[in-house]
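Here is the structure we will look at.
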């Protein structure tokens, strides 16, 4: 009898042990399929645009209702951009070539101040169109490196006819280009190639960086985003600091941080489209006085790539995976993210001893 009870207890213990092993195996498989990505970079590098692309590429994109919710943001971004240009005309002592536009400018500020936030009335839109087409305004816009202006200014102001129409609903591209400062941490979840991604977008302005630290533990990879086009610009929060130099300092502190010895670093050199337009007019020596190459896209972009990759102090142990990106180009981001995922899968297999 005692023997039978002992056998039953042993059998029960064995079943329990088997279940625990199975649960542990399943938990391990789930953990292996979970990928935590930390999206880092200085302010206005394009991180939030990449998050929006993940929604478009790996989820269902933005519904009609969601796009409608972005209409006030589009209007606000457009109005604020034109305000920034006209204010800069005063600072840079640029006159309106057509003197009647000075009255339009005063009227524009009055109407914009009185309008509800995110509203664009027909009267306001017509004044904005006249101002935007004025040659003094265009001259000031071409000198935008001398003041703070959103990258999307020309995109929206060139589209005034379309966005001012009654019943306007922002397109996916309009939504991608909206600019709202990220504060705190935004988490996005999606699945791709049998992996479950958690993407953390962290505020890039200096005042936000202290909030990053508790995201660090257990991160699979860091995607560090740099605005290539920032090489001739200064920070919004510190007009003595060049944006590219600030990005390099931040990258150095992340890449060589003791917490990230085992963490894959993926470098997105972003806004390559704006950089390509800018580099022929604004030399790279503004940021890197020692640069002796030509001011063409390929040479200049590769020089910046080398400057960042050379900051890696553990080249023998750690590889930087660099990609040139345009965050507003869905096809480009889809292609690059596919390559990034393959690197993550390969590194996961290496960690498991299967590669």
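Here the Cβ of each residue, glycine as well, is placed from N, Cα and C on the backbone.
Look at Swiss-Prot and you will find 2 tagged as N-myristoyl glycine, backed by sequence analysis.
The region 'G1 motif' annotation in Swiss-Prot covers 36-49, and the record cites sequence analysis as its basis. Here the region 'G1 motif' (36-49) has long-range neighbours at 151, 176-177, 179-182, 186, 197-206, 212, 215-216, 218-227, 230, 235-237, 243, 246-247, 250, 254, 268, 270-271, 325, 327-328, meaning same-chain residues at least 6 beyond its ends whose C-beta is under 8 angstroms from one of its own.
DSSP assigns residue 48 (Mg(2+) binding site) to a helix in the three-state reduction. According to Swiss-Prot, the GTP binding site annotation covers 41-48, 176-182, 201-205, 270-273, 327.
Residue 182 (Mg(2+) binding site) is surrounded by 17 other CB atoms, counting those within 10 A of its CB over all protein chains shown. Feature annotation from Swiss-Prot assigns Mg(2+) binding site to 48, 182; the stated evidence is similarity to another entry.
The feature region 'G3 motif' is assigned by Swiss-Prot to 197-206. For the region 'G3 motif' (197-206), the mean pLDDT of the prediction comes to 79.
As annotated by Swiss-Prot, region 'G4 motif' applies to 266-273.
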(request) Using a Cβ cut-off of under 8 Å, list the residues of the same chain at least 6 residues beyond the region 'G4 motif' (266-273) that approach it. (result) 41, 45-46, 50, 151, 221-230, 251, 297, 301, 304-305, 308-309, 320-329, 336, 340, 343
(message) If you count CB neighbours within 10 Å, which one among the binding-site residues 180, 202 has the smallest count?
(response) 180
(message) Cα-Cα, whole number of Å: residue 327 (GTP binding site) versus residue 48 (Mg(2+) binding site)?
(response) 9
(request) Round to the nearest Å and give the CA-to-CA distance linking residue 182 (Mg(2+) binding site) with residue 202 (GTP binding site). (result) 7
